[in-house]
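**Student:** Once you've had a glance at the structure underneath, I'll fire off some questions.
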Amino acid sequence: MASSEPPKRPRPGPWPPAPESAALPPSSWAKRTGFRPKFSGETNASNSGPVTPQPRPKEPDTRLDLESGGAKPAANGEPDAADKVPTMPPSQAVKDQAAKRRRDSDGGAPPKSSDPARGNGAVVPAAVAAAPTSRRQARNDDVVDVLPQTVDDDGFMSRQSHLKYELRDKPGLVPIGLYGFQHYLSMLGSLILIPLVIVPAMGGTYEDTARVVSTVLFVSGMTTLLHTSLGSRLPLIQGPSFVFLAPVLAIINSPEFLGLNGNVEVVDLNDYFGEQNQSGRLDFPLMSTLASISVRVFFPPELMNFKHIMKELQGAMIIASAFQTILGYSGLMTVILRLINPVVVAPTIAAVGLSFYSYGFPRVGTCLEIGTVQILLVIIFSLYLRKISVFGHRIFLIYAVPLGLAITWAAAFLLTEAGAYSYKGCDANVPASNIISEHCRKHVARMKHCRVDTSHALKASPWFRFPYPLQWGTPVFHWKMALVMCVVSIISSVDSVGSYHASSLLVASRPPTPGVVSRGIGLEGLSSILAGLWGTGTGSTTLTENVHTIAVTKMGSRRAVELGACVLIVLSLVGKVGGFLASIPEVMAAALLCFMWAMLTALGLSNLRYSEAGSSRNVIIVGLSLFFSLSVPAYFQQYGISPNTNLSVPSYFQPYIVASHGPFHTTYGGLNYVMNTLLSLHMVIAFLVAVVLDNTVPGSQQERGVYVWSEPEAARREPTVAKDYELPFRVGRVFRWVKWVGL
C-alpha cells in the first residue's frame, strides 16, 4: 500500500534540507536578501527554529528595491552571491573607513566581538565569535560591521551608517543648528497640539492657551536636555505625549467639574468690587464700615474652570510621576522589561491613536473646506511628493505638517479678508446664547470655526514671559485621579521602551542595557514631576514620533537635539511665539491631529517588524488586542446612556464622561471612578490583553520578537557602547554600584 502512493512534492524552504557544504549561515542569507537583522534583535541563529527557512545553495540575489517596488537585477557575468564576497561602492567604502577610524578612536574594538546575526547588537563572548568557518570570518573582515544598504521610503536601514550625523558626532555649529531646528520643526505638531485641545476643554481663554503653549515649549526643552544628559542619552525629544491626552480629557470631564455649577468659593468682596485707595487696599464703598466681608458667590465657568482643573491635573501628574520615578530608579523596570515585547508595544501604541476617532473628523467637519484641504495637503506632501529633494533634503516629507499648516492658514486668511465668512449684522465674538437674529444663529458656527481672526491670543500675549513653577496655584491632590495617572504612566513607559529600542538601532552601536532603560524611565518620571510643577496639563515623556523623525531627517546627533532644546527654551520666553501658535484655528489643529493620530497608529504597528508579523500566534494576539481595545471601552462609554439622554458635553467629548454613568456601582465612589475611567481607555485594554496573551501563549523568541538588550558586563568592556550610554562628567562611575544608574 505504501509503495502505490504517489511521490510527495518537496516542500519549500528547509524541506528537504540543503547540503551542509553548500548551506550558508543565516546572517549571509539576511545580507543577500536585504532582511534587516540589526533592526529586529530576534534573528539569532541559535533560536530561530523552523520559522526562518534555510537558504538554498547558489540562490540568486533577491534583494528588493523598495523605492522602485521590484528586485534589483544582477549584472551579466556576476558570480553568484554565495561564492563571492560582496563588494561595496566607493561611497560606502568611505563610510566604512570612517567607521574604522571611529572604532579605533573608541578603543579599537574588533568587529568580531559581535555577531551580525544578532539583530539587537548584543555582545557575545570572543570564543563564540571565533567559532564560524573561514568563509564567514573573511566575510566579516570585509564588511566591517556595515550591512547591505537596503533603504525604504522613510530611510530605515540596517545600520546607522546612512545617518548624516551619528550619536556622538560633533560637527560645526551651523550644521548642528540647521539640523536641530529641522528636527524640532518636523515634530511641531506633537509639541503644540495637545494644549490646543485640553485648554479650551477646561474653559480656558486664548490667553490661557498661549501661556500653556509657552510652558510646554519651556518644559520640553528643559526635560530634553536632562534626558540626553542623564537619561538614556539617546537623541530623543521629550514632550507632552498623546498617551496622556485621553486620561486628561477624562479628568476634565469628571462629574465634579462639569459646568462647576456647585463650585462656590468664600471670597472677599473687596477683591472683586472694591476701589483701590492710596495704600493699595481695595475698599468696598457700600460697606466702608466693615474691614472686609466674605460671602458665598458663584463664578462663571470661564473664571473658575481652567485654573481649578489645571491644579487637579498637576496634583495627579506629580503623584503618578513620582511612582514612575520609583519604578525606574528602584530597578523594578528591569523586571517589567521581561514582559514588554513588540507584540505588546504594537497594539498598545496603536490603540492610543485609534482612541481619538470620535474627536478627529467630527471637529474637521465644522469647516470642511478648510479641514479637508489641510488633510489633503499633508497627505500629498508626505506621500506623493516625498521623494522630491531640494539641496539634498526631502523637504516635503520632513516638513509635511508645517508646510500644510502654513498653506492652509494663508488660504483661510485670504478667504476671511475677502469676506467669505462675513455675514451682515453678525459678530463671531458674540456668544451663541446671546444672538437673537435667526440669520446669525444659522451662520455663527461657520463664522467661529472658519474665520482666522477670532483668536486674540497673539495680540494679548506679552513680548516676554517667563514660565515659572506653580503659576496656576497650589496643586490639588485626589487619590482617585492620581491612581488613574499611575496606570497611564506604566503605558507611557511601555511606549518609551519601544522608542528606546528602535532609536538605538538607528543611531547607537548597540541597544542600551536594562539599567540604561531603567535610568531613562526614572528620569522621565522626574521630567513629568517638573511638568506637573510648571503646569503643562500633561506629563513629559519620550515622543513616539522620534523614531520616524530620526529616520527621515537622518539626524542622530545628540548635540543637535540639545541645541534645539536650548532654542526651544529661548522661544518659550517670547510670549508672542506662544500667542502665535495658540492662534492656530481649531479646525486646522483637528486636521493635523487626524494625521498625527494616524501616524501614531502606524508607528505603533510598525513595532511588529521586530517579530514574525505573519505568525498566526502574533496575528491573533494583535487582532484581539485591537478589537477589544475598541469594543470594551465602547461598552463602558455607552452604558447607561439612552438615545434621549441630554448630555452637557459636546458629542466628541462623550467618550470621556464615563465616570458619571459607568457600569461599576459600589459603595466606594472613588473605586467606581477609577475602574470606570481606566476600563474606558483604549490603550489600557490593549495593553492588558496583549501583555497577558503574549506572556502566556507559547512561542519562540524569534516569533515573539523578544527585545534583547545589551549585557551590562559586555557593554562595559566595549568602548563604543560605554561612550554611547555612560553618564557625563564621570557621574556614572560614582554610582556604578547601582546597576540601574550606570551601565
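Here the Cβ of each residue, glycine as well, is placed from N, Cα and C on the backbone.
Grabbed the feature section from TrEMBL, which reads as follows:
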COMPBIAS  20-30  compositional bias 'Low complexity'
COMPBIAS  41-51  compositional bias 'Polar residues'
COMPBIAS  56-66  compositional bias 'Basic and acidic residues'
COMPBIAS  97-106  compositional bias 'Basic and acidic residues'
REGION    1-123  region 'Disordered'
TRANSMEM  184-206  transmembrane segment
TRANSMEM  316-340  transmembrane segment
TRANSMEM  360-384  transmembrane segment
TRANSMEM  396-415  transmembrane segment
TRANSMEM  560-581  transmembrane segment
TRANSMEM  587-606  transmembrane segment
TRANSMEM  618-636  transmembrane segment
TRANSMEM  673-693  transmembrane segment
**Student:** When only pairs 6 or more apart in sequence are counted, do the transmembrane segment (360-384) and the transmembrane segment (396-415) reach 3 or more Cβ pairs under 8 Å?
**Tutor:** yes
**Student:** Which range wins on Cβ pairs under 8 Å with the transmembrane segment (560-581): 184-206, 316-340, 396-415, 587-606, 673-693?
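**Tutor:** Answer, by Cβ pair count: 184-206.
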**Student:** Report the listed stretch (316-340, 587-606, 673-693) having the maximum count of Cβ pairs within less than 8 Å of the transmembrane segment (184-206).
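**Tutor:** The listed stretch sharing the most Cβ pairs with the transmembrane segment (184-206) is 587-606.
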**Student:** Is the transmembrane segment (673-693) in contact with the transmembrane segment (587-606), using at least 3 Cβ pairs under 8 Å (sequence separation of 6 or more) as the test?
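**Tutor:** These two stretches do not touch.
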